[in-house]
Amino acid sequence: MGHVTATILDGKATRDEIFEDLKVRVSALKDKGITPGLGTVLVGDDPGSAAYVRGKHNDCAKVGITSIRRDLPADITQEKLDATIDELNANPDCTGYIVQLPVPKQLDENAALERIDPDKDADGLHPVNLGRLVLGKEAPLPCTPRGILHLLRRYEVPIEGAHVVVVGRGVTVGRPIGLLFTRRSENATVTLCHTRTRDLGAEVRRADIVIAAAGVPGLVTADMVKPGAAVLDVGVSRTEDGLRGDVAADVAEVAGFLSPNPGGVGPLTRAFLLTNVVERAERVAASLG
Ligand SMILES: Nc1nc2c(c(=O)[nH]1)N[C@@H](CN(C=O)c1ccc(C(=O)N[C@@H](CCC(=O)O)C(=O)O)cc1)CN2
Ligand SMILES: [Mg+2]
């Protein structure tokens, strides 16, 4: 590899800062008699999903949030999944929870997301909360987009007026991130690209900020990147050579800022999941007076 010019956006160091803040807030909540609890629903035994869920509960232990795990067999029916969601909706120890995605094919993912109590939606992916985001109303924000914005701000990457090119149209990143970047608090201009975009290179070359979240290994190459641009590698694929991001290694020789994968946005996805849980607990505390 040639000369790395990019400033690396360090997701782990930034995550640790967020955890320090959360620890203080969780402790203040406990002083008021409220212990935040994060629930996870994991269906099946996909090793990647299992690792992510494990990571979320390890994070909970670090900041003092109670863990509530519901692990279900891969061949579960929709009725059984619904019953688990109903139980967590009613469970007073559960401040917020997530259904780990993707779920096995026989299950309806959108029906599961829709069944979650929007107030307990720690992922910010319930249709009501995505709708609130469109309307500019307060809502739990999707964790990866929130992590992306936080990382850019932390490293003082200019966002106001920037041209952001997003590659990928998935529900956890690609679709919601444009809504955040175009708020009046960000004022960026967003182009949303996907696998059917006619000339991806031409679109990406115009970007001040590139969000690569397509799940295609090495999709964004150095020749597609404007010198000095910020490139955030969010996509991840499990290949024979291990985990690979969407951004080719030589992009580090052209970009001004680079968020690697692993070690970039991923840790912040988890940090903002916990932040959403703590924020909900703080709202509950405030409502109790
Ligand atoms: N209900 C949800 N499902 C999924 C989400 C989500 O936000 N909510 N996002 C992804 C998976 N994901 C969290 O669930 C996630 C992926 C990766 C990381 C992370 O920290 N990655 C590390 C590397 C970890 C590794 O080595 O495997 C990194 O980037 O440094 C956190 C969360 C799909 N499903
Ligand atoms: Mg399905």
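Using N, Cα and C of the backbone, Cβ positions are placed for all residues, glycine too.
If you check TrEMBL, you get these features:
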type	residues	note
BINDING	GLY168, ARG169, GLY170, VAL236	NADP(+) binding site
DOMAIN	9-123	domain 'Tetrahydrofolate dehydrogenase/cyclohydrolase catalytic'
DOMAIN	142-283	domain 'Tetrahydrofolate dehydrogenase/cyclohydrolase NAD(P)-binding'
For the domain 'Tetrahydrofolate dehydrogenase/cyclohydrolase catalytic' (9-123), what is the mean per-residue pLDDT, to the nearest integer? 98
With DSSP helix as H/G/I and strand as E/B, how many residues of the domain 'Tetrahydrofolate dehydrogenase/cyclohydrolase NAD(P)-binding' (142-283) fall in helix, strand and coil? 53 helix, 31 strand, 58 coil
Most distant Cα pair in Å, residues GLY168, ARG169, GLY170, VAL236 binding NADP(+): 14
What is the three-state DSSP composition of the domain 'Tetrahydrofolate dehydrogenase/cyclohydrolase catalytic' (9-123), stated as helix, strand and coil residue counts? 61 helix, 19 strand, 35 coil
What number of additional C-beta atoms lies within 10 angstroms of the C-beta atom of GLY168 (NADP(+) binding site)? 23
Any same-chain residues 6+ apart from GLY170 (NADP(+) binding site) with CB under 8 Å of its CB? Would you list them in sequence order, or say none? ALA213, GLY215
